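Undergrad: After the structure tokens below, expect a handful of questions from me.
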Ligand SMILES: O=C(O)C(=O)C[C@@H](O)[C@H](O)[C@H](O)COP(=O)(O)O
């Protein structure tokens, strides 16, 4: 079989690394990781679902590299202090040393938590991301944002810590439940919306095939997303400016995730999709883009069977004022002023602090009224 693995290099000087994208990478994990090892052993953090489905395959792929593993409960609720301290204590009990490699084997929750554990363990050890969800492959495994949630908000505790290598095996996406796959698709659409109108056109045409399992389409979507993310992260590793573009939809999303208690009511990528739709609605309300743009965003998300609005979130939600208060914990805030990612059209996003609170309140109020 021909090897169709592609490599996206993330050029960050001494923190540079490759993102390898293809089918069958799990089976070759040992050969891929070996050059980074000082001794032939790795400590793997995973979740119970991924562990059950794929840990044996990873163990086999690692060949003679010894593997020890801890499986945490699956789900966003794991991304907090209790499971984080459990993971760090386990890594210490396993005698993971500074020159060793920690492997984050799972979706965004595991990648963020394990990356943060690696960042603080013995003041920093290297880690390899093996993302198993679409969301983690296209987004959270790349760029070095690691962390956990606080009762005050999403991802408020963490560190920038770049991985040494990312292995995105698109073959494992086949075991994802449809809801999780579509949640990850929310982040894929984000890339088209923020900076590549042609990619959004492509997604409108190919999104259904991608969701149905077309491997070539999946590989292209993962590669294009990672490429876009890599170029932005290279320009602005620690989000002083441009990197905030990757936060399109996230100011709304994080407030909604906090409001729904990081529960099954709203998955992260679902919140991103709703957040992108609201960001385009806000842009239109401020006269920045045409009415056609938010309609096209919603139409595509709907055609993919995704959540597009606050009305699609089950259970109670707080009022617009309370949601605005949650948004005020956003990490993009400067001098008390929220920064938003708005758009002049599809593929034309930009970062601005110049957004009247009243306009945001109105967009949220109207969205709540549609429930
Ligand atoms: O990598 C980034 O930069 C992003 O903003 C990507 C986001 O999609 C991702 O969810 C990120 O973890 C959110 O970052 P945060 O700084 O808003 O917590």
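Here, residue 1 is simply the first one shown, and the rest follow in order.
Cβ atoms here come from the backbone N, Cα and C positions, even for glycine.
Just so you know, TrEMBL annotations are computer predictions that nobody has curated.
Among the features that TrEMBL reports, domain '3-dehydroquinate synthase N-terminal' is placed at 71-181. Annotation source TrEMBL lists NAD(+) binding site at 108, 109, 110, 111, 112, 132, 133, 145, 154. For 184-332, the entry in TrEMBL reads domain '3-dehydroquinate synthase C-terminal'. Taken from TrEMBL, the feature Zn(2+) binding site covers 187, 250, 268.
Quick one: how deep are these features, and who are their neighbours?
TA: Across the domain '3-dehydroquinate synthase N-terminal' (71-181), the DSSP tally of helix, strand and coil residues reads 49 helix, 33 strand, 29 coil.
Counting every protein chain shown, 33 other Cβ atoms lie within 10 Å of the Cβ of residue 110 (NAD(+) binding site).
Summed and averaged per residue, pLDDT over the domain '3-dehydroquinate synthase C-terminal' (184-332) gives 97.
Counting only residues at least six positions away in the same chain, the Cβ atoms of 76, 108, 135, 183, 186, 253, 257 sit under 8 Å from the Cβ of residue 268 (Zn(2+) binding site).
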Undergrad: Do any of the binding-site residues 108, 110, 112, 250 touch ligand 1, in the sense that the CB is under 6 Å from one of its atoms?
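TA: Among the binding-site residues listed, those whose Cβ sits under 6 Å from ligand 1 are 250.
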Undergrad: Measuring Cα to Cα, how many Å separate residue 187 (Zn(2+) binding site) from residue 154 (NAD(+) binding site)?
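TA: On Cα coordinates alone, these residues lie 16 Å apart.
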Undergrad: How many whole Å apart are the CA atoms of residue 110 (NAD(+) binding site) and residue 250 (Zn(2+) binding site)?
TA: 19
Undergrad: Tell me which residues of the chain lie with their Cβ under 8 angstroms from that of residue 250 (Zn(2+) binding site), as long as they are six or more apart in sequence?
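TA: Result: 272, 275, 341.
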